Amino acid sequence: MEFSIGAFVLYVVSVSSLICFTNADNFYKDVDITWGNGRGKILENGNLISLSLDWSSGSGFQSKKEYLFAKVDMQIKLVPGNSAGTVTTFYLRSMQPKHDEIDLEFLGNVSGSPYTLHTNLFTQAVGNREMQFNLWFDPTRDFHNYTILWSAHHVIILVDGIPIRDFKNHEKKGVLFPTSQPLRMYASLWDGDSWATQGGRVKTDWSKAPFVAMYRNHKVDACNWSGGKPNCHKKPWWNYEVTGNRYKQMRWVQRKFMIYNYCDDVKRFPQGLPLECKLR
């Protein structure tokens, strides 16, 4: 099955319209604004967060709780216009020195160019698992839903319900996977013009500041603890698999919109590609 662009767009619209956030969590209850000296604001009775960036500082927030396995949804509206040099983030990270981390970073663009969604996965402070995508829509015109699904079996990234990346647990074959460290949710807007846009060749235009990104309708469905271990068997996402039509959707996105995959970068790994690249 091959998706046409028109059919794919219609599919995305239909999926997005079915995503219900009537049970979205409240930011006042769930997160703390942790830096930015007032540049981060919780608005609309806890339903919206505004993060801003100017020449002196960005801003960010983090969840009050940590999770060991969770499905985390966040709707984000990215910085509009000339956002070159800015980095808007949504990620999970542990606090240990050899940390685990699941990254979504939205790299700003020159007006008219596509945003880059940069994804990465760290286990015990070892990363180098980057995959980058151009989004198939303008993420500045409206909110779109971004999901991190983290179980003992997979780390799956979804955009508007469409899987774009699936990192499988191959621990038994010697591949590191985040299974033991609790992670906290983070989000931020900061200046990354040394690398973010065209490898740092395009710098932040501070005359366009303040830059603003908006977050809303977050939903965290995390595992409960029982007997010293997470109890996840009743979670509907626990056994989620990227198979069948889901796999075809993911492969279509990767063929059409993926602009970098570490598993294809043989020059970067002269001693051989990472083991998980051979286990896909």
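The backbone N, Cα and C atoms fix where each Cβ goes, glycine too.
Caution: TrEMBL annotation is automatic and unverified by curators.
According to TrEMBL, the protein has these features:
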ACT_SITE  Glu101  active site, nucleophile
ACT_SITE  Glu105  active site, proton donor
DOMAIN    1-215  domain 'GH16'
CARBOHYD  Asn109  N-linked glycosylation site
SIGNAL    1-24  signal peptide
Between 0 and 100, where does the mean pLDDT of the domain 'GH16' (1-215) sit?
90
Check each residue in the chain of Asn109 (N-linked glycosylation site) that is at least six apart in sequence and keep those whose C-beta is under 8 Å from its C-beta; list them in sequence order.
Asn82, Ser83, Ala84, Tyr115, Thr116, Thr197
Give the number of CB atoms, excluding that of Glu101 (active site, nucleophile) itself, located within 10 Å of its CB.
18
Local Cβ density at the residue listed as 'active site, proton donor' - other Cβ atoms counted within 10 Å
20
